[in-house]
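J.: This structure is in structure tokens; I'll ask about it shortly.
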């Protein structure tokens, strides 16, 4: 059958597998059909505001994104039960999903939408619906990020409603991984109005917490009318411009279907399978079907391409795995020099082993020829219809035969047609997916595991290492679905002087393609791994592009993608052209992972733009590869990382860094650093670990220096791992420990007769986002460690001997038989402490339960040992503390009824030899009584008076625990001489030099509407009058006046503000004092907060002195410092008097201004009066007006 030239038979194919709301008015008066159509008709893009987009006009190619930072962008909750969506940020709502960060910013300052915890006993669904959107182009896709744990929700669903039909674009019942997950769904061409709905369904066994962020519509705008079209474009009936290759391709690219109508496509034959097969012939294994009704098939598309409807028909392969399914076209002839072009859409989703092949069967006069492979696509390409095109030139009549075949036997590199025929091969003797080599059948999980199974190494041949000379391309498979693809190319055929001659033979090159979904091209290896820590990838590459282009290597592990390498930016005018080489450390990774090259260049742009990859070699990737450095646990990081390596299970990584000044590195030179937000990380944290080690003794001591600094830094934890055993937590610290290095150590316990190896792992947990954590001078030696200087009991008993009566306990279930409801370290039920039951049936009256530490090393100077204790309401007896050196001496004793609060105990210790500390509980024989101990700390210097501190050796018992309700921020501790990423006073007040220390808080981290940070004293007894003195500094520019420092009294009755200052003075320590009175036990709280929008500037404290039972004396002013002393009643009286005077003055002034005609109307602009310093007093809900409490 002869057809006219430029024949375009269009085939639609399927490959399946058998197995608080805001609204902003539109100020630009555009027609209703021009609103919410992904085109900014107004210069400010106000016609698209609240259309799932909140921003100014995006640059060309940018998506219409809602990040929920300002409002909900028109998305609204349509739930019909108490299970509902709301706009939230980390910690802002107690019933939220409990996230630590959003996806946009990666911190707790970012916003998202979420459904909170729901405790209903019936199943319920929370639905979030987009605004009404108008028209979507064939290239439109929706990309969003969601957060859900398998225990939280039963099902997630994304639906699209247009006309009377609702399509399910995506549905999942999990399991879902940790952290934010990406979802990309192609919507296809949508005519008229439509809505998108994201829903979460829970049942009685699920909490129901789900979050959604960064919802973006990509490539959804139809082309706009143009007076003239560029060269090589078609002018549509509606004046839009489309490229010539988009004509008669089965997609409405113009928006009015004029590119697909009969006049334009009169010389083309199209088959959409809506009414039948046309001229195509089915063989066994194919059937015509649709998605509406019938049993659900996960691998089937949920809609066809022609109508974008579940009612639309397509062809689907129904063959069993391993059985080819072949479809045959009518006989065609392409006369003369013209090509016959075949355009088709295919769907390849649901299995990595699925394979679609397109064969050319020519009919010569003598005999039929062997089928020629024209196109091969393999693997997972996503739940979308992908366009493709092949051009055929044949001297003889021919047929096109699409076939679904099992993976194996057929060869062909990624991208274009193969140069050699590849007939269909029969199934081998091994099971599908297994590799046959000799007498072996290698299972899929042992292919590409960097461990050779076959004698000839066939199981490791197609695993990424290649020079791209064989047609199989080393196992790299093109997975592109857009205008670019990866394909093998001869260097002399590239037409680029920068590649020809520089690399002989074939290389992997970016080439033009016919897909319509995404711009970038992707090519992937088969599943790999596991890999060892020394695994490297060596490559040669060339890259020439304008700034918007890129060439990158990504590691794909499940739903996560980690960028591990990117070619330096280049442009067509660069003098450094040609091939370059590079090495990428891949490190230790679990199986399965894949390597993916991603590239984007403008092949039609000016200059010779292009990208290519060659000579890819993977070295030292076996987990059995070992070097001498692997046993080097002791390391100062001056030379390299020794035996430590970075884990790649998350996207936050430890980096070896060079010191940036005195005091930054613990010794000199280098250390390892983890910054939880640089580069922007979304994973749970970073891992630094050793290779498996053989123990040298039954006990080993690991010592190290650590640095935890910042107003919201996370947790640093030391873990020991052994095969077949649960992780052993050896040590951990959370939150800031000041801008200085601390020494810590932990004892490792081994069973020498077992021969088991172990790994050490430092986990930097990403539960904070402002600050850094660092490690240096790690040392491992035989024998046990000294007792630790600091113990929170969170990970272990710190070596204490319990005598069988003291126990390490947590109250997570809320059903603990005895002990406080929360610990002191975290002030949560999940925290740990040591407790002893002093009830008579456990510990009779007068009996003693001892808690004895390991040996502490001798002290070079007098030191202070602090601890927190908790006594039950029923009299438990006496808590005694003894120090054992050459002899035993009692240093502390308390006999009292307890309460709800933890209390601070402190003892001065001097010991020239090894010593131990012993806590003794002497029981009183009272039922339901107990004693508990938590948070031991040994510091240099004598113990300070209660609630007093000069901060030279630490915080002196002042607690800077971050509170979730206040934003999880902490006061910090530093000195002017220590380098810091945050501004701080150059000198302290105590010493007046940069060597002195102080407490400080950087308010800029709070963000817009940010909360506060508290510095709390130990519980103090009731007092009729006591004086609190302190020195403070506020480093804000005068024109900003942002920071606020307040003093609160906090007791069981609530909290009371008794002093406050808003400051703008720079580099000046000021004295503050306030007289305190309380009829019950209380705490003093220093609160740092903002009085407006964020501004860079610290609030610092020094030389806090609490004079119990002494009234404040008003000091004589000196050196320009402000000194204020007052009592709370006087403050209230003064505040009321001042308030009355201000009201009277305001009324008189208003009358005078009216007489003078000078009172400004609300619309006038009035110059702000200069600010002044003031002190704020709040008591008994009496608050001064803003004019007094805040500077203008």
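Glycine residues also receive a Cβ, built from the backbone N, Cα and C atoms like all the rest.
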J.: In TrEMBL, which of the ranges 1128-1148, 1149-1169, 1170-1190 has the transmembrane segment annotation?
T.: 1128-1148
J.: Check the disulfide-bonded residues 229, 241, 254 for other C-beta atoms within 10 angstroms of each C-beta and report the one with the most.
T.: 254
J.: Are there at least 3 C-beta pairs under 8 angstroms linking the domain 'MAM' (64-222) and the domain 'MAM' (947-1114), leaving out pairs fewer than 6 apart in sequence?
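T.: As far as Cβ distances go (cut-off 8 Å, pairs 6 or more apart), the domain 'MAM' (947-1114) and the domain 'MAM' (64-222) touch.
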J.: Which numbers of helix, strand and coil residues does DSSP report for the domain 'MAM' (269-400)?
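T.: Output for the domain 'MAM' (269-400) reads 0 helix, 54 strand, 78 coil.
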J.: Pop the Cα-Cα gap between residue 254 (disulfide bond) and residue 463 (disulfide bond) into the table, whole Å please.
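T.: Taking the Cα atoms only, residue 463 (disulfide bond) lies 43 Å from residue 254 (disulfide bond).
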J.: Pull out the disulfide-bonded residues from the set 229, 241, 448 whose C-alpha sits within 10 Å of the C-alpha of residue 254 (disulfide bond).
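T.: For residue 254 (disulfide bond), the disulfide-bonded residues whose Cα atoms are within 10 Å come to 241.
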J.: Using a 10 Å cut-off, grab the number of neighbouring Cβ atoms around the Cβ of residue 448 (disulfide bond), all chains included.
T.: 25
J.: Between residue 241 (disulfide bond) and residue 448 (disulfide bond), how far is it from one CA atom to the other, in Å?
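T.: Computed Cα spacing between residue 241 (disulfide bond) and residue 448 (disulfide bond) is 48 Å.
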J.: Can you tell me the CA-to-CA distance separating residue 229 (disulfide bond) and residue 236 (disulfide bond), as a whole number of Å?
T.: 9
J.: Give me the CA-CA distance between residue 448 (disulfide bond) and residue 236 (disulfide bond), in Å, as a whole number.
T.: 51
J.: Quick one: average pLDDT across the domain 'MAM' (64-222), no decimals.
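T.: Summing pLDDT over the domain 'MAM' (64-222) and dividing by its length gives 85.
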